[in-house]
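Residues or ranges marked as heme b binding site in Swiss-Prot (evidence: sequence analysis): H87. Annotation comment: Swiss-Prot describes 1-141 as domain 'Globin'. The phosphoserine annotation in Swiss-Prot covers S3, S49, S102, S124, S138, and the record cites similarity to another entry as its basis. Residues or ranges marked as N6-succinyllysine in Swiss-Prot: K7, K11, K16, K40. Residues annotated as phosphothreonine in Swiss-Prot: T8, T108, T134, T137. Annotation comment: Swiss-Prot describes K16 as N6-acetyllysine. The annotation phosphotyrosine is assigned in Swiss-Prot to Y24 on the grounds of similarity to another entry.
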Amino acid sequence: VLSPTDKTNVKAAWSKVGSHAGEYGAEALERMFLGFPTTKTYFPHFDLSHGSAQVQAHGKKVGDALTQAVGHLDDLPGALSALSDLHAYKLRVDPVNFKLLSHCLLVTLALHHPDDFTPAIHASLDKFLSNVSTVLTSKYR
């Protein structure tokens with residue numbers, strides 16, 4: 001559960017992401033594909049090369065979903081229900097991949113905003129991404 005301080009930290013951090021959410025999403029995906037090559041199996045039809053249009057487009061979807069989640073911190077299950085259905089029932093993504101992408105998102109955010117990425121912000125973002133991952137995998141059960 002996100003505390004009031006966590007919610008404030010997440011909103012503050014995400015406000016700095018702003019219009020870069022899609023870029024950061026794509027960068028995190030590229031980082032995940034490089035660091036955890038088994039994640040590529042869910043994207044056999046994608047050109048996974050650096051800067052590919054498909055990775056950029058999916059990165060925008062990731063960024064948009066996280067922006068939506070930040071706007072609904074008090075109702076993540078409601079905000080992400082359709083996305084949870086998609087990943088559980090249609091795409092059947094291994095739940096561990098959400099944790100891997102979360103890690104890569106944290107690294108990406110830290111690289112782009114090193115002065116703002118304090119231990120408190122890091123902890124709050126980690127909790128937020130963990131909550132998002134939990135919601136996205138909740139329908140697997």
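Every residue gets a Cβ built from N, Cα and C, even glycine.
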Please report the distance from the Cα of K7 (N6-succinyllysine) to the Cα of K40 (N6-succinyllysine), rounded to the nearest angstrom.
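Answer for this pair: 32 Å between alpha carbons.
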Using DSSP, how many residues in the domain 'Globin' (1-141) fall into helix, strand and coil?
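Residue counts in helix, strand and coil order: 110 helix, 0 strand, 31 coil.
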List the residues of the same chain that sit at least 6 positions away from the residue listed as 'N6-acetyllysine' in sequence and have their Cβ under 8 Å from its Cβ, in sequence order, or write 'none'.
H113, D116
Looking only at K7, K11, H87, which of these recorded positions has the biggest number of Cβ atoms within 10 Å around its Cβ?
H87
In whole Å, how far does the CA atom of S138 (phosphoserine) lie from that of S3 (phosphoserine)?
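Their Cα atoms are separated by 21 Å.
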Identify, among the modified residues S3, S124, S138, the residue whose Cβ has the fewest other Cβ atoms within 10 Å in this structure.
S3
Output, ordered by sequence, the same-chain residues six or more apart from T8 (phosphothreonine) with a CB under 8 Å from its CB, or 'none'.
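Sequence-distant Cβ neighbours: none.
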Calculate the distance in Å between the alpha carbons (Cα) of K40 (N6-succinyllysine) and S49 (phosphoserine), and round it to a whole number.
11
